[in-house]
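A.B. asks: This structure is in structure tokens; I'll ask about it shortly.
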Amino acid sequence: MDQSVAIQETLAEGEYCVIAVQGVLCEGDSRQSRLLGLVRYRLEHGGQEHALFLYTHRRMAITGDDVSLDQIVPVSRDFTLEEVSPDGELYILGSDVTVQLDTAELSLVFQLPFGSQTRMFLHEVARACPGFDSATRDPEFLWLSRYRCAELELEMPTPRGCNSALVTWPGYATIGGGRYPSRKKRWGLEEARPQGAGSVLFWGGAMEKTGFRLMERAHGGGFVWGRSARDGRRDEELEEAGREMSAAAGSRERNTAGGSNFDGLRPNGKGVPMDQSSRGQDKPESLQPRQNKSKSEITDMVRSSTITVSDKAHILSMQKFGLRDTIVKSHLLQKEEDYTYIQNFRFFAGTYNVNGQSPKECLRLWLSNGIQAPDVYCVGFQELDLSKEAFFFHDTPKEEEWFKAVSEGLHPDAKYAKVKLIRLVGIMLLLYVKQEHAAYISEVEAETVGTGIMGRMGNKGGVAIRFQFHNTSICVVNSHLAAHIEEYERRNQDYKDICSRMQFCQPDPSLPPLTISNHDVILWLGDLNYRIEELDVEKVKKLIEEKDFQMLYAYDQLKIQVAAKTVFEGFTEGELTFQPTYKYDTGSDDWDTSEKCRAPAWCDRILWKGKNITQLSYQSHMALKTSDHKPVSSVFDIGVRVVNDELYRKTLEEIVRSLDKMENANIPSVSLSKREFCFQNVKYMQLKVESFTIHNGQVPCHFEFINKPDEESYCKQWLNANPSRGFLLPDSDVEIDLELFVNKMTATKLNSGEDKIEDILVLHLDRGKDYFLSVSGNYLPSCFGSPIHTLCYMREPILDLPLETISELTLMPVWTGDDGSQLDSPMEIPKELWMMVDYLYRNAVQQEDLFQQPGLRSEFEHIRDCLDTGMIDNLSASNHSVAEALLLFLESLPEPVICYSTYHNCLECSGNYTASKQVISTLPIFHKNVFHYLMAFLRELLKNSAKNHLDENILASIFGSLLLRNPAGHQKLDMTEKKKAQEFIHQFLCNPL
């Protein structure tokens with residue numbers, strides 16, 4: 001999820017969030033979550049300055065309302081960002097990165113998550129650091145003065161712990177923070193410095209080509225960075241290619257000189273075994289990653305006599321692949337079969353819906369009973385925590401409980417290391433490998449996709465971990481799809497959303513993100529929630545009792561949908577020889593005896609896709625009774641490509657020799673199949689795609705869409721090019737998709753005519769010329785993104801009005817009244833709002849999970865068209881789709897129901913209902929009408945809470961963030977103030993209006 005969007009909503013005009021990353025601020029024993037954003041400001045004289053904005057939050061940072069500005073650190077000349085660790089610290093593969101931020105009098109320590117986002121963040125911070133040219137004017141940061149606390153003078157030190165928006169000015173603020181010996185080069189523009197004795201320096205496929213070379217240290221093992229003269233083009237190219245392509249392929253040379261255990265040119269394994277003398281040196285508690293165990297617990301879990309460390313270097317800097325290196329890498333991939341062979345490794349895949357329970361039983365009956373020790377464990381959970389706190393916020397103690405239970409349940413005959421843990425609300429995935437294989441795991445990435453309502457709720461969706469094992473790419477997906485027997489289409493949509501939205505960044509930034517399908521091996525597990533259809537409960541139970549699973553399987557929804565090629569096309573599932581895994585009475589093997597008496601079903605499944613995969617077992621585990629589901633496991637033998645060191649070296653030398661003969665003086669040239677693109681009748685939240693092909697000539701080239709002068713991005717906010725950059729071999733093609741999507745951020749200006757579907761894209765060739773692409777089209781105005789007062793003055797459907805009238809009404813001031821206007825008499829509330837609420841009032845007041853279960857995308861488009869054309873009689877959609885459309889409508893309002901100007905007054909009187917009503921009475925007439933109308937509707941829903949299971953807290957949480965929004969560019973609220981906003985709405989749900 002791109003959290004820079006949430007930060008951007010808090011910034012003033014001229015300020016731009018370049019990139020954001022989630023981290024943890026470490027102060028002594030304290031651990032506090034922080035969102036770090038690098039913000040750029042363009043100066044009037046043409047230069048630019050940067051600052052690091054630190055935000056507090058507990059809820060997922062989706063919009064600006066979810067974050068609260070805590071502190072600002074200008075990126076000045078004395079600013080440095082450095083990876084740190086205590087002497088002899090041991091890293092677990094995939095663990096968090098600890099960095100120290102230093103200015104003249106400021107020192108803060110953060111833990112950042114392992115992955116490409118951290119790598120890109122650190123790279124952008126390094127680029128932002130000002131140079132050391134004395135002739136260059138020092139940054140002044142005058143633009144940050146607006147964020148300083150009004151009651152504080154510039155000369156006053158910044159009080160530590162102040163939760164207001166603070167600017168940490170060089171020389172004025174002193175905030176404590178531990179300092180630790182450096183393990184990596186400093187971030188900023190300093191040169192890399194040799195490490196002290198006893199340190200170990202790691203490198204891998206993501207190192208920048210800075211002119212530094214790897215040299216053996218004179219004293220003891222290990223290597224240091226230093227400058228050296230080039231000693232021949234051939235040796236340098238082999239060395240550089242080996243460093244930058246270790247993720248793709250290569251040989252594994254052991255360098256034993258001086259007692260070093262450093263792994264040299266490594267094609268696939270990225271870790272470096274730590275010297276034996278390092279064992280037993282525990283990582284201080286102050287530097288423990290939030291999701292990692294203490295060192296003693298990790299060692300016990302790994303059961304290892306030697307600890308394997310990860311290649312931390314490959315996440316520290318963005319690669320800058322040269323043209324020659326990319327060509328070498330491409331040729332190596334093409335010749336992969338010449339230097340690799342297939343070797344089988346044993347994989348365990350398991351899935352368990354734990355129904356919000358804590359672990360009560362030993363998991364060895366599921367994870368290790370009756371099988372040989374697997375080489376890799378992939379363990380997925382669903383419904384880890386069903387509490388409302390977990391539903392709306394990040395943290396849950398259940399994560400640590402189940403992590404510990406799994407670690408203790410791994411096979412006792414082997415030693416394992418945790419590679420990665422990823423969680424989205426109640427969906428969690430764990431990846432472990434045998435200790436001896438950890439050195440061959442690389443390019444670990446983890447991502448999440450929520451498919452809950454409005455994309456906000458992670459109660460449904462998927463998490464995935466992708467990695468390179470030797471020379472085979474593997475992706476493991478754990479998903480929890482929509483519930484209820486009749487919602488199979490929603491499940492199909494969830495699957496498609498996960499496939500389309502799950503993207504993993506590559507080490508090479510010039511390459512587009514990887515999708516799930518871009519892997520050699522895919523394992524997909526989870527509670528897919530497909531049920532048995534067309535059979536009553538008793539018939540299902542009878543077939544189970546007779547063990548006639550083949551007959552029962554004929555009515556399985558997943559089988560039917562796969563056969564229809566609507567989901568999991570190309571995937572394989574083993575034969576179901578075990579009884580359905582859902583639904584049981586908790587603590588027993590008895591089928592559901594509750595009032596709902598749900599029919600048994602194979603909800604929990606494991607599928608796979610790829611070559612050289614053999615399933616050895618597929619079973620459920622009836623002995624575990626903690627949940628109303630039974631866990632499922634599958635064991636596979638998976639053929640993985642392993643590098644032959646000698647053959648790799650020969651192949652690499654042949655490629656380098658052949659490239660020595662190439663002429664590099666040629667200017668690249670391409671041809672484009674199309675240069676003008678017209679998007680006709682663009683609609684709100686409806687993706688439009690136009691494609692074209694780039695055909696390369698005879699010279700390899702890099703291409704990229706570049707920014708036009710004085711613009712923040714290469715295209716307007718509603719447009720995107722996929723991929724936006726890449727590399728082309730001679731006489732090769734690549735298809736580019738221009739994707740146009742109008743959302744709440746862009747709809748209002750398109751409605752008003754302030755913006756149009758017009759843009760020019762600049763396609764740049766490295767060492768070549770630029771190509772200009774013209775984009776045009778027309779946008780169909782929509783009620784989504786239109787102001788409340790505008791819609792009240794539109795008695796006709798918006799699509800029946802002239803564009804001039806729509807523009808005039810949209811640009812009217814929000815405080816326009818209903819008297820004295822020369823326009824037609826307005827309606828009290830927007831007719832579009834009435835249509836949706838009336839539909840829900842007539843059809844959905846008793847609907848279970850209303851406003852909590854997402855609708856279908858196709859139905860939303862139908863609802864939008866009915867509202868915009870006024871053809872309400874044609875409205876035919878599920879209650880959940882109409883409910884989600886209502887929420888999207890409120891979210892798209894450019895001025896929220898409770899106007900920005902009264903927002904803080906609402907917070908101040910959230911505990912006083914009389915004062916709260918007084919604030920509402922000051923709203924513009926149309927906004928006040930809408931607020932009272934919505935509150936009356938929600939109170940009607942609460943009258944039916946016995947059927948729809950809604951309560952005041954759920955509705956206040958959902959509607960609070962939609963009706964109450966903080967003004968853009970103002971300081972965001974902390975968690976205490978967010979609760980005040982919820983309490984404000986809660987009052988109107990519990991008291992008479």
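A Cβ is built for glycine as well, from the same backbone N, Cα and C atoms used for every other residue.
Source: prediction; values computed, not measured.
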A.B. asks: Which of GLU383, GLU399, GLU400, GLU401 does Swiss-Prot put in the same substrate site as ASN459, LYS460, TYR582, LYS583, LYS596, CYS597, ARG598?
C.D. replies: GLU383
A.B. asks: Would you work out the biggest C-alpha to C-alpha distance among GLU383, ASN459, LYS460, TYR582, LYS583, LYS596, CYS597, ARG598, the residues that bind substrate according to the record, and give it in angstrom as a whole number?
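C.D. replies: Farthest-apart Cα atoms in GLU383, ASN459, LYS460, TYR582, LYS583, LYS596, CYS597, ARG598 are separated by 23 Å.
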A.B. asks: Secondary structure at CYS990 (S-farnesyl cysteine) (DSSP, helix/strand/coil)?
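C.D. replies: DSSP call for CYS990 (S-farnesyl cysteine): helix.
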A.B. asks: Can you tell which of LYS596, ARG598, GLN852 has the least company, meaning the fewest other C-beta atoms within 10 angstroms of its C-beta, among these recorded positions?
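C.D. replies: It is LYS596 that, of the recorded positions LYS596, ARG598, GLN852, has the fewest other Cβ atoms within 10 Å.
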A.B. asks: Inside 10 Å of the Cβ of TYR582 (substrate binding site), count up the other Cβ atoms and send me the figure.
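C.D. replies: Its Cβ shell of radius 10 Å holds 22 other Cβ atoms.
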A.B. asks: Under a criterion of Cβ-Cβ distance under 8 Å and sequence separation of at least 6, what residues of the same chain contact GLU383 (substrate binding site)?
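C.D. replies: When sequence neighbours closer than 6 are ignored, GLU383 (substrate binding site) has ASN353, VAL354, ASN355, GLY356, GLY426, HIS480, ASP527, SER627 within Cβ distance under 8 Å.
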A.B. asks: Can you grab the distance from TYR582 (substrate binding site) over to GLN852 (site 'Arginine finger')? Cα atoms, rounded to a whole Å.
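C.D. replies: GLN852 (site 'Arginine finger') has its Cα 22 Å from the Cα of TYR582 (substrate binding site).
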A.B. asks: Look up TYR582 (substrate binding site) in the DSSP assignment and reduce it to helix, strand or coil.
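C.D. replies: SS state of TYR582 (substrate binding site) = strand.
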A.B. asks: If you draw a 10 Å sphere on the Cβ of CYS597 (substrate binding site), how many other Cβ atoms land inside?
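C.D. replies: Counting Cβ neighbours of CYS597 (substrate binding site) within 10 Å gives 10.
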A.B. asks: Taking Cα atoms as reference points, rank the binding-site residues ASN459, LYS583, LYS596 by distance from CYS990 (S-farnesyl cysteine) and give the first.
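C.D. replies: For CYS990 (S-farnesyl cysteine), the closest Cα among ASN459, LYS583, LYS596 is found at ASN459.
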A.B. asks: When the domain 'PH' (22-148) is classified with DSSP, how many of its residues are helical, how many are strand and how many are coil?
C.D. replies: 22 helix, 53 strand, 52 coil
A.B. asks: How big is the Cα-to-Cα gap, in Å, between ASN459 (substrate binding site) and GLN852 (site 'Arginine finger')?
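C.D. replies: A Cα-Cα distance of 9 Å.
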